[in-house]
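Colleague: The structure that follows is given in the form of structure tokens.
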Amino acid sequence: MAGGERKRRRRKLQLSKLFTLSSAKACFKPAHSQIGRTGFSRVVYCNQPESADYCDNYVRTTKYTLASFLPKSLFEQFRRVANFYFLVVGILSFTPLAPYTAVSAIVPLTFVILATMVKEGVEDWRRKQQDIEVNGRNVGVHQGNGHFDLKEWKTLRVGDILKVEKNDFFPADLVLLSSSYEDAVCYVETMNLDGETNLKLKQGLEVTMSLREEVDFRDFDAFIKCEDPNANLYSFVGTMELKGEKHPHSPQQLLLRGSKLRNTDYIYGAVIFTGPDTKVVQNSTEPPSKRSMIERKMDKIIYLMFLMVVSLAFLGAILFGITTREDYQNGVMTRWYLKPDDSTVFFDPQRAPLAAVCHFLSALMLNSYFIPISLYVSIEIVKVLQSIFINKDIHMYYEEADKPALARTSNLNEELGQVGTVLSDKTGTLTCNSMEFVKCSIAGRAYGRGVTEVEMAVGNGIEYAVAAEPVVKGFNFRDERIMNGNWVKERDADVIQKFLRLLAVCHTVIPEVNEDTGKISYEAESPDEAAFVIAARELGFEFFIRTQTTVSVRELDVATGGRVERMYKVLNVLEFSSARKRMSVIVRDEDGKLLLLCKGADSVMFERLSGNGREYEEETRDHVNEYADAGLRTLILAYRELDENEYEVFTERIGEAKSSVSADREALIDEVTEKIEKDLILLGATAVEDKLQNGVPDCIDKLAQAGIKIWVLTGDKMETAINIGFACSLLRRDMKQIIINLETPEIQQLEKSGEKDVIAEALKENVLRQITNGKVQLKASGGNSKAFALIIDGKSLAYALEDDMKYIFLELATGCASVICCRSSPKQKALVTRLVKTGSGQTTLAIGDGANDVGMLQEADIGVGISGVEGMQAVMSSGIAIAQFRYLERLLLVHGHWCYRRISKMICYFFYKNITFGFTLFLYEAYTSFSTTPAYNDWYLSLYSVLFSSLPVICLGIFDQDVSALFCLKFPVLYQEAFNHQGKPAGRDIFGGTMYTCVVWVVSLQMVLTISYFTVIQHLVVWGSVVVWYLFLTVYGSLPPRVSTDAYMVFLEALAPSPSYWITTLFVVMATMMPFFIFSAIQMQFFPMSHGTIKLLKYEDQCNDPGELELVRQASVRPALVGFTARIEAIKRSVMRSRQTGP
């Protein structure tokens, strides 16, 4: 009962009356005049979902559908040039031109295509399973009789009335009608959409506030006219017609799919956009068909090989035509053994040109063995097994959440080893959404002995103790001077009291009392707010009750040293906004004093201080700069006393502004609040740590050393993003920040006047001017990009990404060491990713955790989703899922490095073995006067790539390691070291069998020289391939002649007993292998690359010699522009300069 009473009491809070800047009173704006015109034609009949024919609410992230799988998958396979070539060859094999049987040509191609299609189908089925889970979630839907029944998300229709419970996601885009609060307000978490963790306050219209029970919707009849589906998350224009009256809608009533209901028991809403029409899906793109850079380069090699095949066939055709024309001498055919009488055209001297053309086509098919048909399917097999190794890597398993790494597609494994730019989301990706109160400055004195991750990394020789996990979540403050009530003994105890009181009172937090334990927990709009209230509680000011108009605090009394309960009457709350950068409350204390308590960013607070309120300004500024350098988020705290007359005037004016129905109502409210938030008295500053995920700074440092650039794309405001930049060492204090934004007073004044087109043109020119100025600064520095960081807001980014400006922007961005894009919409994130991918030519990797990151993940060459508490939609749209950002280090530097080198070696070796095999065919054809007679049996030809030479190469692609994982992480330069590996290319019945044996031995031993890391499996498949060849020769040759044809008893009766067969094999193999062996030995001994040097150290047992390792590391690590290493080097340079300039 007590819990029920408490909940009922909480529901009676009419929170809108506390907030000055929000109102349920509707006002029409100029945009509402567009209703009914093009782009604003949608009509929604509430409670009558069958009245409109709009799309359903099913959302899919799969690449294929049941109908499109076969044609689309076949297109994917045959757009690979080798597969298309073998398709043409397979078709031609049914003609008399074929030098071998059609079956031996079609079976390998069919196997290759089917194996790859099965792999694609299995991967897409996994995505389908995730779609089924999301679309199968349940939500309460009004059934037309005052009752709400649970229905699946996918069944929702436009016009349905939904009841969404606390902590549930919104299944579609809704218009808020009412909530569990009497004034129809609710709190919404939009982290999945814009990356912000602070809760957004939404409020329904005054006309629908009374619809608070299920039965109230029995006769609810209204229709909404609004804008058509679009991708703009931050705008909404519509009108509701109810009982003959029109009421305007704004973004304040819009609840977006993917956001979550928080701090509110339930809401009722009307569905206006479903499925593909929702704004979050409008911001996403179709799952693209991605191909790796290596695969695209491989296609070019195959084009070159095809050109070689055509050239050889053309050469052979000319020589064959000449030989055929001169074949008839004195009435006798000199090449009688070719049985020209049984041929119609091929060997007819009278039609030598036509015979040459037919030979050309036959030679194209015979020489097709230069191109490895099993290359693609072998690579697919290797990639699948590589993905399994990624999934099973215990070092990328997040035990706390029981989440391993998950490679959702294996198409891009080798791309992980070629990444040039990482584009990262911030919230939930770099951070773990956990704010901790760490330090503060009060009355010009710094408090807090905690050490941030940044300070620990740049300690400059100082030994810091490892920070312990905070006992209280959100409070990681350590300072005996003010803890445990000791602050009452401080010199400025009265200022400290006012400081802590402001933290306990100036907020919109709602306390929740656990009825069983009596402990108080807080539900806040943002993690910052919760951290401040918790800090006040831990330091002696416990906020424990909020009513409609009061907050109650248990305070530590300075005079008595005991706890006293004090009540403050809350008169007004001036909310925080990105434009205001501050929030204030006006309260009356128990002594009747009127107090304005304010906290905000230093950029707006210092200018609002009074002349006699700046006593601690200089010290506070210094402390704030120190906190920012330590990666902390800071706020300035100040207050003032109001007199009664001043407050009466404010109340009257703010009431008039709130009651206004004109389009400039917000401007009127801002003007009134601006006048009262002035002449403040400075108390101090807070510093909270937006806790990074474990290992983020170190991961960024290693990636920077590997030559990878990191861009941060976030929906957060600029100040927050900059703080995180400092925290993870993307920014340093000695960096020159090039800031491009449109939030200056001049721009804001311009936007209030003039035509829309004129304003847009002026804003575009302003952005271009800022970008040009940035390039001038960059050029003046002599191209020294170490000193520059680019920070741009979403508004400016919209103009910077236009076609006539985007490459100028990209030139500036690539010249800077760090790039941070703030207030970015999902569409902008995707466009930035596309620009970097196409403009720089580098492989791009995007990483994020929310639905707002889907477009970015799909646009990048590689999409990595963070499988955290939120953001499963990002995981569903990604190629690889990891639980923590820090695992990106191992994913790229270890698995990426290995996969890239393995696939590269594998491709080189495939071409090597097929060129070796193909040249034996060509030489034999030349030996037989270009008669297109194959040197080998048909099944020898077909099984060479499938059975006798593929398994060793596949094992190379799975198991080979040039260096161990430990050295991959210790020497990041190995990541981007170019790897060049070139293969060195080397008659019927007995002659063919001897040549084939030499080929099998040569390609197997070449594999032995290529492998860097032997396993038992590799020994088995390499030597097993040779054994299988001899077994095949024996068994196949023992079959009846009608089956084994010309291979009958060749090995047992002709090859095995002959010493020349074994001697020839030995000397051919030695002569073929010796050049590569000598080259490798000379390179390893005299011209080693970094991985070779490391292997030599290992073999010489110097791996643990600090001197040797430091020399290798210093010689190999590229200068890092960002990260801890860069920050430490910058500090060292600064210290050296100060010593040189000192006395």
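Cβ coordinates are placed from backbone N, Cα and C, and glycine is handled just like the others.
TrEMBL entries are annotated by machine, without manual review.
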Colleague: With TrEMBL as the source, which of 102-125, 990-1013 is set down as transmembrane segment?
Modeller: 990-1013
Colleague: What range among 78-98, 939-959 does TrEMBL describe as transmembrane segment?
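Modeller: Spelled out, TrEMBL records transmembrane segment over residues 939-959, not the other listed ranges.
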Colleague: Going by Cα-Cα distance, which of the binding-site residues (Asp425, Asp849, Asp853) sits nearest to Phe576 (ATP binding site)?
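Modeller: Among Asp425, Asp849, Asp853, Asp425.
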Colleague: C-alpha of Gly715 (ATP binding site) to C-alpha of Asp849 (Mg(2+) binding site): distance in Å?
Modeller: 13
Colleague: Can you tell me how far the Cα of Arg633 (ATP binding site) sits from the Cα of Asp425 (Mg(2+) binding site), in Å?
Modeller: 18
Colleague: For the domain 'P-type ATPase N-terminal' (44-105), how many residues does DSSP put in helix, in strand and in coil?
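Modeller: Secondary-structure breakdown of the domain 'P-type ATPase N-terminal' (44-105): 29 helix, 2 strand, 31 coil.
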Colleague: Sequence-remote contacts (6 or more beyond its ends) of the transmembrane segment (301-322), Cβ cut-off under 8 Å?
Modeller: 81-82, 85, 352-353, 355-357, 359-360, 363-364, 367-368, 370-371, 907, 911, 922, 925-926, 929-932
Colleague: On the 0 to 100 scale, where does the mean pLDDT of the domain 'P-type ATPase N-terminal' (44-105) fall?
Modeller: 82
Colleague: Please report the number of other Cβ atoms within 10 Å of the Cβ of Asp425 (Mg(2+) binding site).
Modeller: 29
Colleague: If you measure Asn852 (ATP binding site) to Thr427 (Mg(2+) binding site) at Cα, how many Å is it?
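Modeller: Per the Cα atoms, Asn852 (ATP binding site) and Thr427 (Mg(2+) binding site) stand 11 Å apart.
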Colleague: Quick check for the class: what is the C-alpha distance, in angstrom and rounded, between Asp849 (Mg(2+) binding site) and Arg823 (ATP binding site)?
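Modeller: Checking the Cα atoms of Asp849 (Mg(2+) binding site) and Arg823 (ATP binding site) gives a distance of 16 Å.
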Colleague: Minimum Cβ neighbour count within 10 Å among the binding-site residues Thr427, Asn852: which residue?
Modeller: Thr427
Colleague: Between the Cα atoms of Thr427 (Mg(2+) binding site) and Arg823 (ATP binding site), find the distance and write it as a whole number of Å.
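Modeller: Checking the Cα atoms of Thr427 (Mg(2+) binding site) and Arg823 (ATP binding site) gives a distance of 12 Å.
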Colleague: Reported as an integer number of Å, what is the Cα distance between Asp853 (Mg(2+) binding site) and Arg823 (ATP binding site)?
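Modeller: Rounded to a whole number, the Cα-Cα distance is 13 Å.
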